[in-house]
């Protein structure tokens, strides 16, 4: 009898072990606090963004708090790492746990809108105000506006003031000047130019101003205009004016190269001001990206994030969330965010106020009316073509293909 | 699986050897070569330490020595990542305990009970689990966890982080346990022990090396996990160190010196554990060397 | 398999020897107890692997996009995802790279790991401490390790090329991460570095299990050095070698973070593997169906390898 019962106990214990452990562990921790408020009074909004490091994190906390006070709610803010926001949003939408207010990188807005997870803002009567046309087009899907973007950024040409002065070179304004200047500034361990031709969307993003300004178009990249822009990059690389490592550098790496004096000029954006400021010896200036020829218009893509109201199914909360998003594109919020995070207002009429406080932003602010949306033409199809572009760039730069062949292969799959 | 080669083991000598510790031979040539091997292997880690002590904006062209010392990275790391280190330790140790509890009995059963061809089937199933990409598991777990309320819990992370450790430990411990002579277990039965007691008081002590090796790797698997941390936690209060590190990498900006500082700091408690564990493995070596 | 399996212990005695008359009444019960040893592991494996795998297999036959997450609608498309995946121009390259990466990594980390294990098996002053330090690379989070390696391998300023500059016979600097031919080599080197601790530690554990007296007996017959290795060490190490190799290949086939961190599959797809390609399709282009199809192809490759290897291995042991 004793043997029998002992065996029984052994079986039961062995089988139940995992369950017991689970119960014990989850008991000690407490569950996830649900914020399941009812339809009546909305006292709290769940906000999701990817501003997870400073200065963005803190500056946006201030902006969000101010709007929360204005709308009269508490905030439950969650910030996830940048590269993983979309995965998170997808998981949330499948488990029906979408936040009340969602920040999205602007080229992702249409993708998420297409899935049906976002509410059209017209149903709340939101007013886009003076936001530039190009910016609004990125937030629009099938004629409905799904998000509002308060601030934006783009890229320009940074140059090391001392290096250029010592060499007696003026900052270039055309492609020809760029090639000459970059060649002249290349000596010893120092390259004339650094940019990011990495095989991610960052590489595509850096190529766009060259491609667009030369009359290229993302719908069909197997054209002489796009090939011309790619030829410029290839010539710069073949001439030794930029390192072959450009194909592995992210924009953060490019800034690092520029800061440590390995490159006299770089293509980069204002989000690097903070990093560059840490190097006290560095003096730099910023000019727009050189145009194909004198007098041509430079067309750059715009970056930055837009704020949307997901379909949570709770109308009262969604209405309050919309009110909150409207506040985020108000003048106070925009100026505070722009100055704090080195971005420019999407509403050009607010630019002067910001540039007064951060003069370095001038070259970026003046581009705002001409900025073009990456998703303006292709919408949710953009990611496929963005991949084709960076693949063609890499094939031409280090894969031994001519720009024409590389682009034709990428375009035709 | 491969057939086990009968290895007449020194189970008895194991116990005896621990008592009579023999001195390690000096062999200075070996020590020098050993130091060189480790130095080469650990060079990237030295480089990490080097970068962590450099001022910002110097990552790509780091000098050989951190002459221009800067502790900014450590200041940031200590202030922001302390709690995350504790979380990582709890989760990793939890995963070790949980994995061994699940895997050890299974490994023993597969090595010593007569399950015929089911052993092969089971082992192959275990092996197959190792072929599944982590992302596949993480994606499926997320929805299940959110229904069960396991997101943001230690239990949830411990269970998920055992996903690498359990199959690995089963395969590894079984390979080692095959070499335990059946006669030893048999002796326990003669003394009136049941299978559970024989397992706990005879098999487990003999398998100490296999247990420690499995524990070490399970700890390392869990410690290095990033994917489950990312998908199964959402709050800052429940964040392993790997994810904490990631928060220093923004959209387009990376601040490397706190990243490297955190990586260095996060190695310290784990190094202590490794050295501690190796002591036990070393004791086993000494025991094995002395044969009766 | 059962017929060829050599039982532990010379007499082939398995524990609770069910046929014993004295234990007659407990036969059924002890069988249950034996099964109970396996129940927790089985339950865990079914929940944490069975369910995801089934889900991934079905996903491979569905059109599964961002939209699906919200609407839950995923139309069945048969083998369309597999056709898309296999006919993609990147696929052939990725398949070849997967093979080269796996073979290169395994050969490198197993050989070096075994040499290190043999070296540390001869005890000497500080050997214990040095051996525990060997595991350190595993403690470093992949984000940090890949960044460090990228700096070390940098063409212009990397410490590796700065060191190579000192060599008189070497002209020019190898473009480790930016040349389409060298990038794969560089990624393999880093993966070998990561794999050595695993191989060395487990093989070392296996070496410890080999009784010293076999070597003593062997040396009387003149088997020392290399002869001792081939006639005593290698045959007895075989079960552990099998574990290390099979797991090593299976783990290497699905390596993702090393490649993503170092080259992200570039330059110009030179380091794209099935694993990174699958990741790209799912999480960059949001085509989860194709991503799942690629993942399933990867599991299939693993399975085929495991079956073939284990069969060959069994035959060679039987002989």
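Backbone N, Cα and C define each Cβ position, glycine as well.
Marked as domain 'ABC transmembrane type-1' by TrEMBL: B:85-277.
Sequence-distant contacts of the transmembrane segment (B:31-49) (same chain, six or more residues past either end, CB-CB distance under 8 Å): 62, 66, 260, 263-264, 267. The transmembrane segment annotation in TrEMBL covers B:31-49 (among others).
Listed as Cβ neighbours of the transmembrane segment (B:89-111) (distance under 8 Å, sequence separation of 6 or more from its ends, same chain) are residues 4, 119, 122-123, 154, 157-159, 161-162, 165-167, 169-174, 177-178, 180, 199, 203-204, 207, 210-211, 214-215, 218-219, 221-223, 240, 269. Under the heading transmembrane segment, TrEMBL lists B:89-111 (among others).
Within the chain carrying the transmembrane segment (B:118-142), a Cβ under 8 angstroms from the stretch's Cβ atoms is held by residues 1, 110, 151, 160, 163-164, 167-168, 170-171, 174, 227-228, 230-232, all 6 or more beyond its ends. Residues or ranges marked as transmembrane segment in TrEMBL: B:118-142 (among others).
The annotation transmembrane segment is assigned in TrEMBL to B:154-173 (among others). Sequence-distant neighbours of the transmembrane segment (B:154-173) (same chain, 6+ residues past either end, Cβ-Cβ under 8 Å): 90-92, 94-96, 98-100, 102-104, 106-108, 110-111, 123, 126-127, 129-130, 134, 137-138, 141, 145, 207, 210-211, 213-214, 217-218, 221-222, 225, 228-229, 232-233, 238, 240.
The transmembrane segment annotation in TrEMBL covers B:210-230 (among others). Remote same-chain residues near the transmembrane segment (B:210-230) are listed as 88, 91-93, 95-96, 99-100, 103-104, 107, 134-135, 138, 141, 157-158, 160-166, 168-169, 172-173, 176-177, 204, 239-240, 242-243, 246, 270, 273-274, 277, 280-281 (criterion: CB distance under 8 Å, separation of at least six residues from the stretch ends).
Beyond the ends of the transmembrane segment (B:256-277), by six or more residues, the same chain brings 45, 48-49, 51-52, 54-56, 59, 70, 72-74, 76-78, 80-81, 85, 88-89, 212, 215-216, 219, 223, 241, 244-245, 248-249 to within a C-beta distance below 8 angstroms of the stretch. Taken from TrEMBL, the feature transmembrane segment applies to B:256-277 (among others).
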